[in-house]
Amino acid sequence: MKLLEQIEKWAIETPDQTAFVWRDAKITYKQLKEDSDALAHWISSEYPDDRSPIMVYGHMQPEMIINFLGCVKAGHAYIPVDLSIPADRVQRIAENSGAKLLLSAAVTVTDLPVRIVSEDNLKDIFFTHKGNTPNPEHAVKGDENFYIIYTSGSTGNPKGVQITYNCLVSFTQWAVEDFNLQTGQVFLNQAPFSFDLSVMDIYPSLVTGGTLWAIDKDMIARPKDLFASLEQSDIQVWTSTPSFAEMCLMEASFSESMLPNMKTFLFCGEVLPNEVARKLIERFPKATIMNTYGPTEATVAVTGIHVTEEVLDQYKSLPVGYCKSDCRLLIMKEDGTIAPDGEKGEIVIVGPSVSVGYLGSPELTEKAFTMIDGERAYKTGDAGYVENGLLFYNGRLDFQIKLHGYRMELEEIEHHLRACSYVEGAVIVPIKKGEKYDYLLAVVVPGEHSFEKEFKLTSAIKKELNERLPNYMIPRKFMYQSSIPMTPNGKVDRKKLLSEVTA
């Protein structure tokens, strides 16, 4: 697949087809090509001998997509930076990346060591350079970086994950084929562009001549606006975290009647709970549900499985799928040997989807990446096992805690808690006393119940948990809330929860 050429062909074949919609703003494939060409021409004329990455700042504005393509057409990787990212972190990204330029689609942070092109300046560039086309020889290709996404680092400093053109082509081609994506579909874009889940909809949509329907953080905070937008969208391909879908399922009208042409649900970024998938099948009986797995360092996702009722009945904890054909999975034991089928260990991903490492961080790169049989490999830090070719994810190795001498996985407890009657959503928060964990707190969004007192509801939930888990894994305390806080990326905001419950 020639990625950029594939996107550009729609500007010729279906120039008036809408490529991207956000609120009242939208762009066609013709406009996407013209404006990204103009921007690429300007970048190449301003930085003829430079290939440093370019920061792209904003939220869900159509200019974000134009800027991404303009950067790569001019031979520069782009770094998506969302409005929600604090100024201090933006500063550290600018310093670590060596970027010399920031393209802004919104009000911009100031005092950065880069040249800033404002939203108005961008529009001037689109106008004054219209009709100019960049030299296709300058475009990003092969093992050159296409985008760099910054993720959280254990040191407190963000890590820039370098994804090459070849990495992205490998992912996009697999996604289009394995998920049976068709020409001209409408894709939900829920994840901010600084979260690599957004790549799961951006490029599969653009290469198939689809329409990206973006919903922003303000809509998500106002369910009335969110569901009004969804009703207008006619979305056919849904891409989100499971947490976001779980939140939508709390609205009774979120069903086939709201989205009658829904064809495919694509989930990544978190564990897909069995009960969430089951509710989706009930609400959208004609749609296909795909559960996928992959870290940012391996280009969005490397495994997938069609979740059917048979799969739901067979597995209480859902498998995350079969590996894409050009990659392979190894399960490594603590002693460095490969675990046999069915035995747990660390998931290691090998193949062309794997990143070339962290930008400007050779020590971190050496720790997480290696070469196996001449191919790049990434040590994920995730626990899991493979059985009959199917990968089962068992949580982060660093989500395992030791409580009163017992080692346990928090996600396992959450899985069983969510399966209880009277529970709509739940997160386990381990509470420390000094340096050690003292007890487990369950933060629960209750479902329908007739208990007059909270302690009676707690007793009923604990009774069910006692049938599923050993006593030492039962949370000592329960807290009830109307919702679980989420990060801008659509994942459970564990840090915020911890600060709330320990305040």
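Backbone N, Cα and C define each Cβ position, glycine as well.
Copied over from Swiss-Prot:
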- T151, S152, N291, T292, Y293, G294, P295, T296, D382, Y393, N394, G395, R396, K491: ATP binding site (BINDING)
- D196, V300, K491: D-alanine binding site (BINDING)
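Reported as a whole number, the C-alpha separation between R396 (ATP binding site) and K491 (D-alanine binding site) equals 14 Å. Around T151 (ATP binding site), the same-chain residues six or more apart in sequence whose CB sits under 8 Å from its CB are P158, K159, V161, T296, listed in sequence order.
When the binding-site residues D196, D382 are compared by the number of other C-beta atoms lying within 10 angstroms of their own C-beta, D382 comes out lowest.
Residues T151, S152, N291, T292, Y293, G294, P295, T296, D382, Y393, N394, G395, R396, K491, recorded as contacting ATP, have a largest CA-CA distance of 24 Å. Fewest other C-beta atoms within 10 angstroms, among the binding-site residues R396, K491, are seen around R396. Y293 (ATP binding site) sits 8 Å from V300 (D-alanine binding site), taking the C-alpha atoms as the reference points. Each of A191, F195, L197, S198, V199, M200, C268, G269, G294, T296, N489 belongs to the same chain as D196, V300, K491, is absent from that list, and has a C-beta within 8 angstroms of the C-beta centroid marking the D-alanine site. In the three-state DSSP scheme, D196 (D-alanine binding site) falls into the helix class. When the alpha carbons of P295 (ATP binding site) and K491 (D-alanine binding site) are compared, the span between them is 14 angstrom.
N394 (ATP binding site) sits 17 Å from K491 (D-alanine binding site), taking the CA atoms of both as reference points. Just so you know, the Cβ of N394 (ATP binding site) picks up 19 other Cβ atoms within 10 Å once every protein chain is counted.
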